[in-house]
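Q: So Swiss-Prot lists the following for this protein:
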COMPBIAS  95-108  compositional bias 'Low complexity'
MOD_RES   SER117  phosphoserine
MOD_RES   SER118  phosphoserine
BINDING   151-158, THR185, 290-298, GLY348, ARG363  GTP binding site
REGION    151-158  region 'G1 motif'
REGION    208-211  region 'G3 motif'
MOD_RES   SER325  phosphoserine
MOD_RES   SER432  phosphoserine
MOD_RES   THR434  phosphothreonine
COILED    446-478  coiled coil
Amino acid sequence: MDRSLGWQGNSVPEDRTEAGIKRFLEDTTDDGELSKFVKDFSGNESCHPPEAKTWASRPQVPEPRPQAPDLYDDDLEFRPPSWPQSSDNQQYFCAPAPLSPSARPRSPWGKLDPYDSSEDDKEYVGFATLPNQVHRKSVKKGFDFTLMVAGESGLGKSTLVNSLFLTDLYRDRKLLGAEERIMQTVEITKHAVDIEEKGVRLRLTIVDTPGFGDAVNNTECWKPVAEYIDQQFEQYFRDESGLNRKNIQDNRVHCCLYFISPFGHGLRPLDVEFMKALHQRVNIVPILAKADTLTPPEVDRKKRKIREEIEHFGIKIYQFPDCDSDEDEDFKLQDQALKESIPFAVIGSNTVVEARGRRVRGRLYPWGIVEVENPGHCDFVKLRTMLVRTHMQDLKDVTRETHYENYRAQCIQSMTRLVVKERNRNKLTRESGTDLPIPAVPPGTDPETEKLIREKDEELRRMQEMLHKIQKQMKETY
């Protein structure tokens, strides 16, 4: 009986079938061979079961596909193909669909995280979130700022500080009488307070200098202030050079508001001497105090005169950093206005008065009200903007990178010179031996040991004489 009767009309040679099966079994991982094998036998009707012959002729009625649990988009390429079966017993093989965005948890960084980004942002790495990490760590740690106020008594230093930070730092202050002021010397007082605003903590330290400029003879009255600044640098240098550097408290003075009296025709000799003595140690911001005692034209003339004298005497006050070319135009205009306002003409007040139906901080006069936070009356808002809102970090950076580094370099140079000098002295002492006394022979020594000691003594004396002769010849030669 012919074996090909089972293959009616579409018989395939037996050797071809066996060769294809053998090739398929030899490499089951080759997709190309699998496709070729299926293609060779796809047209053979006898390869399918009898009920499969009518599958293509039946009308295909779409059936609802069961919903599967969601899966990420990256797993789509691993879904196995679904092979069609008869409509009587039709089955589907498919991987779960992707997880819907509403069902999966949200990233703490929002759109900056590729987990929540769109398909176009899948190549996003994520290091752009570093500013967020630094911000979170900095807010958790808090910030330090030390502000020094210097100037004569009665110029409104304490009042201005309270107005700047909306707090009362001098509630325990005791006002001295006339006799006590005569005997008063320059002192350094510290007022520390923790301020919190919108979750940001600031450890503010105010350094006051009561008694400065109040004496009849103010010669070198700036020395206690300079010594205090150097002491803070020295303490920070020691902490930085120690073993435990994790929790170093920064008490370095970051800014000094120097108050200039509105009475006179510019800077006084004491003002010039103070600023020249401290401009290499701290950021100096000149303040024209009690600006409400001057008319607007007088304020302009006073500012211009002070700026000319500062430049004439070579005083280096705090310099505002230059704006970058890509900065916003509004920021550039604001920065230019701050630079032109030096020295800041300010008014301080702790009293709240009512002006035009509003309660403001100001001073009440018979002719009207002077508002502290009115830009048309004084430069208080500009000073607060510069000191707190825009340039506080730059003041700290200049202190760390310029003033403290200068002090640190001087300390290292002094230590190096001392070490080199000590080494040279020890080396000269060892070579000359003049400072080392010749030891005496201990009693009870045997004759041989005594003889060796005396020979060494004679040798040392000859070497010393030769060294003295060489040194004498060198001096005569040079």
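Cβ atoms are placed via backbone N, Cα and C, with glycine included.
Could you give the neighbours, burial and distances for every feature on this list?
A: According to DSSP, LYS290 (GTP binding site) sits in a coil region rather than a helix or strand. Taking all protein chains in view, 19 other C-beta atoms sit within 10 angstroms of the C-beta of LYS290 (GTP binding site).
Counting only same-chain residues 6+ beyond the ends of the region 'G1 motif' (151-158), those with a CB under 8 A from a CB of the stretch are 169-170, 173, 181, 208-214, 257-261, 287, 289-290, 346-348.
For the region 'G3 motif' (208-211), the residues of the chain that approach it from at least six positions outside its boundaries are 148-151, 153, 157-158, 181, 184-191, 224-225, judged by C-beta separation under 8 angstroms.
The 10 Å shell around the Cβ of SER325 (phosphoserine) contains 6 further Cβ atoms across the protein chains shown.
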Q: What is the total of other Cβ atoms whose distance to the Cβ of GLY154 (GTP binding site) is within 10 Å?
A: 11
Q: Fewest other Cβ atoms within 10 Å: which of the binding-site residues GLY151, PRO296, GLY348 wins that one? Let me know.
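A: Among the binding-site residues GLY151, PRO296, GLY348, the lowest count of other Cβ atoms within 10 Å belongs to PRO296.
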Q: Using DSSP with the three-state reduction, classify LYS157 (GTP binding site) as helix, strand or coil.
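A: The three-state answer is helix.
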Q: DSSP helix, strand and coil counts for the region 'G3 motif' (208-211)?
A: 0 helix, 1 strand, 3 coil
Q: Could you measure between LYS290 (GTP binding site) and SER325 (phosphoserine) for me? Cα positions, answer in whole angstrom.
A: 37
Q: Suppose you look only at the region 'G3 motif' (208-211); what would the mean pLDDT be?
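A: Across the region 'G3 motif' (208-211), the average pLDDT comes out at 83.
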Q: Taking every protein chain in this structure into account, which of the binding-site residues LYS157, THR293 has the most other Cβ atoms within 10 Å of its Cβ?
A: LYS157
